[in-house]
């Protein structure tokens, strides 16, 4: 504990001397644009679609309006977003998005949603939406019950705990149990900047069993997206600092055991597990720091499977590249996962892709603070 307090204080001098290093991802790289089919922006989404989760029958929940992390000085435009939960029906993509009504109504005030997760009870048909909420009084996980008939979310439970302090994403394990990622250890903005600069691997994953919480895994450079199939095994965690998806096995005591790492040589954000195939869909981006400081600076995106040659090429620049990527990983728990890039853009169409969800050859690509992209997938999968 003393080390975690003293190191940031001593490093303040280093911070001011080497401050330019905080602007990682600002160097340019060559990005070759490609799409899986016809793509267009979804009307009505302008301040992000940071995370997306979908039901088995194609109803997608989208978080929008999350504020920039206090590790940079953002363009004022990014501070104008209003936190909401949006709905998109893959069966009727032409209908676009609509805002979900939250009950009781006062619970929607001050909502700043980030990561999302769904729990579907196959027997009763109940749907619960778990929402990471950066509330003014501290991070919490809001658990809502979704009513299809009225298209509303009713709050069932709000979970706050001392171990949930920098929550990024959540994955539901039951009606009120979940794993959640803390992407940083520090709480104060100046300390977060130093931690991002030093990358001391203090990030962790916390398990909440319905009544109490404990650290299930730690030592991440920056634990970001987290997800798992309905069985709860294996568990996938995006470590943004390591540019990798880490594969964990869930032990009987609910702690997590690291089994392997899938290095993707790009800044991974959120991960979606296809319920039909078990494939992973990963949103990634690069060049985001300069874009956040001035949104006129583009941040590239990619989505899909990244071939081995492209992975080797992207490793040459370290942090010095930002792409928008959607990556598909087949056989993610196996010895030789297959990685493919399905979407890439240099920032002219999309800035900072964070997540991708596919249903019935239709794809949604979400962003941290930009728009929402819809694509028809006409290439072979």
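Each position is counted from 1, following the chain as shown.
Including glycine, each Cβ sits where the backbone N, Cα and C put it.
TrEMBL has this to say about the protein:
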- 39-375: disulfide bond (DISULFID)
- 50, 51, 116, 168, 224, 269, 270: Ca(2+) 1 binding site (BINDING)
- 114: active site, proton acceptor (ACT_SITE)
- 169: Ca(2+) 2 binding site (BINDING)
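Across the structure, residue 51 (Ca(2+) 1 binding site) and the residue listed as 'Ca(2+) 2 binding site' are spaced 9 Å apart at their Cα atoms. Of all the Cβ atoms in the protein chains shown, 24 others lie within 10 Å of the Cβ of residue 116 (Ca(2+) 1 binding site). Residue 50 (Ca(2+) 1 binding site) has 114 as its nearest neighbour among the recorded positions 39, 114, 169, 375, going by CA to CA distance. The most densely surrounded of the disulfide-bonded residues 39, 375 is 375 (count of other Cβ atoms within 10 A of its Cβ). Taking the C-alpha atom of residue 114 (active site, proton acceptor) as reference, the shortest distance to any of the recorded positions 169, 224, 269, 375 belongs to 169.
Here residue 269 (Ca(2+) 1 binding site) is compared against the recorded positions 39, 169, 375, and the shortest C-alpha distance is to 169. Taking the centroid of the Cβ atoms of 50, 51, 116, 168, 224, 269, 270 as the Ca(2+) 1 site, the other same-chain residues with Cβ within 8 Å of it are 114, 115, 169, 225, 283, 354, 355. Taking Cβ-Cβ distances under 8 Å and a sequence separation of 6 or more, the neighbours of residue 168 (Ca(2+) 1 binding site) in its chain are 114, 115, 132, 180, 181, 182, 183, 223, 224, 225. Non-local neighbourhood of residue 270 (Ca(2+) 1 binding site): 50, 51, 115, 169, 224, 225, 227, 238, 282, 283, 354, 355, 366, each in the same chain, at least six residues away, with C-beta under 8 Å from its C-beta. A straight line from the CA of residue 39 (disulfide bond) to the CA of residue 116 (Ca(2+) 1 binding site) spans 24 Å. Taking only the Cα positions, the spacing between residue 375 (disulfide bond) and residue 116 (Ca(2+) 1 binding site) is 21 angstrom.
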